[in-house]
């Protein structure tokens, strides 16, 4: 498990005085999770990344990886600790003077692993990321997607506990993005490595993350499992991940109904109408795939003078289906929504 | 007045002069390369944005480099006579010329190396650091290999510069093609031999430039 415990980072510059890039980042990422950290630009994502891959020392708080505090290490221990966190970069950052195989082997070479062992590990990783036959190519001869595959293989080479991804698909086209996201899920499942993914793209979170956190102005303002977030009608982050049209916000008699997996496919809506003899109309919604799960989200108009208590009682008996009245919801933070795509 | 020597008659002398030039340039280039790379790495690493920022060291080194570089070679040659005698035992001849050639070459090449290292994307250096590389590993496995094409191109430039400077070594009886051209062309008005010297120099410089460019081109996929 990796925990960020009240992480803070303040830059001191002569020109601008103290700049607080991170004020309070507290989050614990369970083993095997794909943790998304989303935030608008300027929220502190880059600073957080540089603190997490230990390129910068936080000015407050701790990073605890499987019980070890990584924030108070001597320089030799720091180098060893860096090997426990593999980083995948937005712009790949491969060495262009080296072949694919030698790029993948670099972390092992730096750690002093013997050539034979290194070669065996490289072969394994080449297969894992699907680059068979390209081992002796140079990065300049590869497409962006292939380069990112090399980047992922390289980050995994030293068998890190955590794979840290910095906007791993922002430099790629949509088709390639989806292949790389599939690869990350595959790596997460087959190797069991915990992934921390920093991004401004909600689509990435929707697609692969099991957990999500919202970073805003240097602090984590909300976090949780993606399923909990999207089924919690009061969650701003859940609203961002699976949004409902803003025009409906506050309309009386309209409720947001969320259903998970099998429940999303069941005819509870018609059952509801029959049971109560109601005329109900669906004003927005659909079934979305979030990670491996199906989430049905419907905005349903029961009419302004509906007996809310009776409806709520029905939903209390159906724990797979959640209900929330839109006029009781807080409007999602629209400035963040606009920043995040 | 005696008959002027034709270029054919001067061939043995031309050959010796060519060998002397190649000797001076080659030895001073090896020294320039080794110390220039070291100095260039130091300049890059101690820079404000480098691996180990050290503004005082950086400024001191930079000043020395600039001072030596601002000196015309002919002046440096004369200034260094004492030092040359101390190192080589004599201030005359091709071996003696190696000292001022190297001293002129090192700071020039150091700047070339520094520039090539500055061209290496910062992200690649940080990626290696984030993998747990030591500063020495970053220099050996990232900075120098990634800057290799730039360093090769800069070596071509430096070699040509050394060939040019080595011609001035004739002033201290350094031998080589420049000396020969000076003796025949300037002191004896023998244009034929002068021209022959010039042609050999042109061919030499062309050869260096073309091999350098060819090597850089052959590495295009590694950039």
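Placement of Cβ uses the backbone N, Cα and C atoms for every residue, glycine included.
Just so you know, TrEMBL annotations are computer predictions that nobody has curated.
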Exercise for review: From the ranges B:126-149, B:150-173, pick the one that TrEMBL records as transmembrane segment.
Suggested key: B:150-173
**Study point:** When counting Cβ pairs under 8 Å to the transmembrane segment (B:22-45), the leader among B:57-80, B:86-110, B:193-216
**Key:** B:86-110
**Study point:** Chain residues outside the transmembrane segment (B:57-80) and at least six past its termini with a C-beta under 8 angstroms from it
**Key:** 39, 42-43, 46-48, 50, 97, 99-100, 103-104, 106-108, 110-111, 165, 168-169, 171-172
